[in-house]
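Notes for the one structure printed next.
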Amino acid sequence: MASRTLSGALALAAAATAVLAAPATVAHRSPPGTKDVTAVLFEWDYVSVAKECTSTLGPAGYGYVQVSPPAEHIQGSQWWTSYQPVSYKIAGRLGDRAAFRSMVNTCHAAGVKVVVDTVINHMSAGSGTGTGGSSYTKYDYPGLYSAPDFDDCTAEITDYQDRWNVQHCELVGLADLDTGEEYVRQTIAGYMNDLLSLGVDGFRIDAATHIPAEDLANIKSRLSNPNAYWKQEVIYGAGEPPKPGEYTGTGDVQEFRYAYDLKRVFTQEHLAYLKNYGEDWGYLSSTTAGVFVDNHDTERNGSTLNYKNDATYTLANVFMLAWPYGAPDINSGYEWSDPDARPPDGGHVDACWQNGWKCQHKWPEIASMVAFRNATRGEPVTDWWDDGADAIAFGRGSKGFVAINHESATVQRTYQTSLPAGTYCDVQSNTTVTVDSAGRFTAALGPDTALALHNGRTSC
């Protein structure tokens, strides 16, 4: 959920509060297995997710799909209603328990693991009837929580320099759970164990910044599978406690600075600066970082690139998937002019690129780089080249090579690689490239295009 930036001026009385999405953490420090890319299908219903696992995510090589919060939530026409739970029943607008279970099973059959965006910092504001028929009022969620289960501070967070205020007061007026309390910890773990019983493979912990790290560690220790993938949304702020590094003991932490700086480099500076992108920039260790070009909050608040940046956005995703730092998320949502607008058709996706669904995970330039990443996993960066400005190229050992041209003119040159001699398919243009016995090839890249070769595709 949103730590600071809201999607709009929202009325508390109507429970109208937007919460920024939190990068989640993984117990494994990065997703386990050889496929570490997650497709974040934001506000897709579970029937649509299941179909996409079979038709696209599995064949493309995605390791994970992240689904939006499944718990019953407040009613309303905004996307952020999903982030205001009123019970832990799987009864949100995206599907019921049967649809959720079927989705998990279908994705597993396609070789794709399932991560759940999990809201455990707070419950809703306001009062009313939830999407699954449960009645609630703020601080009273029958059969689940009552007033003693919430933090004593019932005021909104006002001071991000004050750790206690950040972690014990209310995020945009939402009822803040006392996660230091035994019953609350037990109840949250019960919810997550229920999801594990349905086959989920991991969790993204929304608004983790607002939960003490020791509370999350305690909750995680109660899981039936304590090795579940675990990634946490902890937003770095200069001079602000808590710090992302406090949370790496339980899993991955999403590295917001990576996304912020990527926007600045691609729009104001030079791609040549990316030669040492990652830990040398002061970021978390690659083994504990979750990275992204944008997420559902940042695409709306302007702090990162988003789909409206067109080719610049595409190239940033190509770079992220080619560069060996962190575990990448590919944000895949829908068009919006109103940043609060809920998904088209209640989250049902009949087809990509229709009815406003952007399906970034399926854009050929992005989807093709998932296999590139899988093929080059563990290989170092080699053969770096740049023109001092916005054309760069680099290899991934003997397994792959990428060139990106963010200049306004065509770049034609001979590239030196560490690839074995032979023919390769440029998965960006779907054309064949021949590498000679010295590891060289010549290519012309038009403005705002890329080239990517890997040893998993030797023909087009």
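Glycine residues also receive a Cβ, built from the backbone N, Cα and C atoms like all the rest.
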Original post:
Since Swiss-Prot lists N121, Q167, D176 for Ca(2+), which candidate among H73, H210 does it give for that site as well?
Top reply: H210
Subject >> Rounded Cα separation (Å) that holds between H210 (Ca(2+) binding site) and D297 (site 'Transition state stabilizer') >> reply: 16
**OP:** Specify all same-chain residues, apart from the site residues N121, Q167, D176, H210, whose Cβ lies within 8 angstroms of the center of the Cβ atoms of the Ca(2+) site, ordered by sequence.
**Re:** H122, D151, V166, H168, C169, E170, L171, L177, T179, A207, T209, I211
Original post:
What is the nearest of the recorded positions N121, D176, D297 to D206 (active site, nucleophile), using the Cα of each?
Top reply: N121
**OP:** Check the binding-site residues N121, Q167 for other C-beta atoms within 10 angstroms of each C-beta and report the one with the most.
**Re:** N121
